[in-house]
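Novice: The following block contains the structure, expressed as C-alpha cells.
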Amino acid sequence: MPTPPSSLPRRQVLTFSAALILPLLLLVCLPWQPFMHDALQTGWLWWPYALTRMVDVPGLALTMAALLLLTRHKLTLTPAAMLALVAALFATLASDWVIKSLIKQLTEEPRPYLLWLEGQNLIPAIRQFYAGSVELRGEQVHAASELLALPEWLCNHWQAEVNYAFPSGHSIAAMSLAQFFGLIWLARAPSGAWLLPVWAVAIALSRTLIGMHWPLDVLASALLGSLTALLAARWWLHRY
C-alpha cells in the first residue's frame, strides 16, 4: 500500500537535508582549501573528475534517465504520475540553472584554479583575464595547462570552465537530484535513498579537489539545490 502523501515526517525531511548540507558546512569550516594543486599530475584525481561527469553534459541526461527509470520501477508509477515526475524534475533543474546563472553574473567570483594559475604567472592578472572573451580565456588556460604538463582530461575541463565560480552548477544539479529522488523514495520505497546524499556530497567535494570551486560555493549550491528539489518533491508527493 503506497504511503499517504502527507506521511513524510518533517524530521525525516530535515535529517535527509542535513545529510546533504552538514558535510559541506564542515568543509567550509576547515582551515585549509581542498584544491589539490600539488597533485595535478597524479592519476587519482581522475576519479573525482569522473564523478563530476555524472552531472555534466551528457552525463546529466544519463543520470536523470537512470534515476527516473529506477523510480518508476520502485514505485510502479502510472503514466500520469511518471509524466508529472519528469515535469517536476525538469522544472527544478531549469529553475536551478536560471538562479545559478543570475548569481554568477552578480558575484563574479574567480575560480580557485584560475587564481592559482595567476599566482604562478601563467595567466594575466585575474581582472584582465576575465575582461577577455571566453575563447581567449580558454586559449590562455590551455597554454598554461600545457606548460604544467597536466593530464589531457584536466586541461580540457579547465579550458571549458573559464566563467565564474559561485555557485557550482554541478553541485546544484547533484543536490537537486539527491533531494528530489531521495525524499520521494523515503516516502514510498526507502531502500537505497540514503546512498543519494553520499553520491551528491562526493560530487560537490570533487568540484573543490580539482580547483573548480571554493567550499562556500558548494555549500551554497547544496542549500539552493536542496530547497528547489524539496518544493518539487513535496508537490509531487501531495498529488501522487
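Using N, Cα and C of the backbone, Cβ positions are placed for all residues, glycine too.
This is the feature table in TrEMBL:
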- 12-33: transmembrane segment (TRANSMEM)
- 45-70: transmembrane segment (TRANSMEM)
- 77-99: transmembrane segment (TRANSMEM)
- 83-233: domain 'Phosphatidic acid phosphatase type 2/haloperoxidase' (DOMAIN)
- 164-186: transmembrane segment (TRANSMEM)
- 193-212: transmembrane segment (TRANSMEM)
- 218-237: transmembrane segment (TRANSMEM)
Novice: Report, as numbers and ranges, every residue of the chain located at least six residues beyond the transmembrane segment (164-186) whose Cβ falls under 8 Å of a Cβ in that stretch; write 'none' if there are none.
Specialist: 8, 12-13, 16-17, 20, 52, 54-56, 60, 63-64, 67, 71, 74-75, 85, 88-89, 92-93, 96-97, 100, 103-105, 107-112, 130, 192-194, 196-197, 199-200, 203-204, 207, 212-214, 216-218, 220-222, 224-226, 228-230, 232-234, 236-237
Novice: Between 0 and 100, where does the mean pLDDT of the domain 'Phosphatidic acid phosphatase type 2/haloperoxidase' (83-233) sit?
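Specialist: Summarising the domain 'Phosphatidic acid phosphatase type 2/haloperoxidase' (83-233) by its mean pLDDT gives 95.
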Novice: Going along the chain, which residues at least six beyond the ends of the transmembrane segment (45-70) come within the CB cut-off of under 8 Å?
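Specialist: Contacts of the transmembrane segment (45-70) (Cβ under 8 Å, skipping residues fewer than 6 from its ends): 36, 39, 82, 85-86, 89, 151, 153-154, 157, 170, 173-174, 177, 181, 202-203, 205-207, 209-210, 212.
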Novice: Given a Cβ distance threshold of under 8 angstroms, which distant residues of the chain, six or more beyond its ends, lie next to the transmembrane segment (12-33)?
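Specialist: Distant contacts of the transmembrane segment (12-33): 112, 175, 178-179, 182-183, 186, 193-194, 197, 200-201, 204-205, 208, 214-216, 218-219, 222-223, 226, 230.
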